[in-house]
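Chemist: In case it's useful when we look at the structure, here is the feature table from Swiss-Prot:
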- Thr7: active site (ACT_SITE)
- Ala162, Cys165, Thr168: Na(+) binding site (BINDING)
Amino acid sequence: MENFHGTTIVSVRRGDQVVIGGDGQVTLGDTVMKGNARKVRRLYNGRVLAGFAGATADAFTLFERFESQLEKHRGNLTKAAVELVKDWRTDRMLRRLEALLAIADDKASLIISGNGDVIEPENGLIAIGSGGPFAQSAARALLENTELGARDIVEKSLIIAADICIYTNRNLTIEELETGRNFPNLA
């Protein structure tokens with residue numbers, strides 16, 4: 001059986017906003033199975049944003065586990081991520097999951113990797129999935145050279161990735177949080 005492939009998820013922090021967006025394409029081998037999948041969600045009463053890349057069923061398993069950790073740790077994003085990773089590394093079933101999560105709240109943006117790592121990216125920019133390198137390059141250029149807001153940067157970088165990556169489409173889901181904190185621009 002072939003694996004489901006690809007997606008692109010981008011998260012940007014700028015000003016008092018954090019935004020996560022993703023495309024809607026699900027691909028099996030060389031066939032597009034679905035074009036309007038929703039890979040970005042709000043969790044914990046809308047206070048946490050999360051997006052996934054990788055095998056869809058695996059990602060839903062991780063979403064459920066992560067959401068239960070968020071509840072258990074009263075919305076503490078970092079603690080919930082670390083506890084999820086502990087489970088991931090010790091549970092035989094979880095160790096086989098092929099997915100990445102990009103998560104963010106008003107304080108932090110994190111990547112939970114397929115190896116069971118928690119990574120805080122430089123400059124509040126996350127890009128994962130098959131189109132991630134294209135979207136990251138575009139988002140970084142926009143952060144460094146424009147005054148665009150976080151939502152516009154996420155949208156434009158996803159569209160650029162969709163123009164280049166065959167596993168990414170232009171059917172976008174974008175969620176944003178107002179953080180009340182001011183994030184510096186890349187310099």
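Quick reminder: no glycine exception, Cβ is built from N, Cα and C everywhere.
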Chemist: If H, G and I count as helix, E and B as strand, and all else as coil, what does DSSP give for Cys165 (Na(+) binding site)?
Modeler: coil
Chemist: Across all chains shown, how many C-beta atoms besides its own are within 10 angstroms of the C-beta of the residue listed as 'active site'?
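Modeler: For the residue listed as 'active site', the count of other Cβ atoms within 10 Å is 32.
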Chemist: In the same chain, which residues outside the set Ala162, Cys165, Thr168 have their CB within 8 A of the centroid of the CB atoms that define the Na(+) site?
Modeler: Gly6, Thr8, Asp23, Gln25, Ser130, Gly131, Phe134, Ala135, Leu158, Ala161, Asp163, Ile164, Ile166, Tyr167, Asn169, Arg170
Chemist: Residues with Cβ closer than 8 Å to the Cβ of Cys165 (Na(+) binding site), same chain and 6+ apart in sequence?
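Modeler: In sequence order, the residues whose Cβ lies under 8 Å from that of Cys165 (Na(+) binding site) (at least 6 apart) are Gly6, Thr8, Ser130, Gly131, Phe134.
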Chemist: Measuring Cα to Cα, how many Å separate Ala162 (Na(+) binding site) from Thr7 (active site)?
Modeler: 9
Chemist: Around Thr168 (Na(+) binding site), how many other CB atoms lie within 10 A of its CB?
Modeler: 29
Chemist: Looking only at Cβ atoms, how many others are within 10 Å of the one on Ala162 (Na(+) binding site)?
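Modeler: Excluding its own Cβ, Ala162 (Na(+) binding site) sees 21 Cβ atoms within 10 Å.
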Chemist: Tell me the Cα distance separating Thr168 (Na(+) binding site) from Thr7 (active site), rounded to the nearest angstrom.
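Modeler: Taking the Cα atoms only, Thr7 (active site) lies 5 Å from Thr168 (Na(+) binding site).
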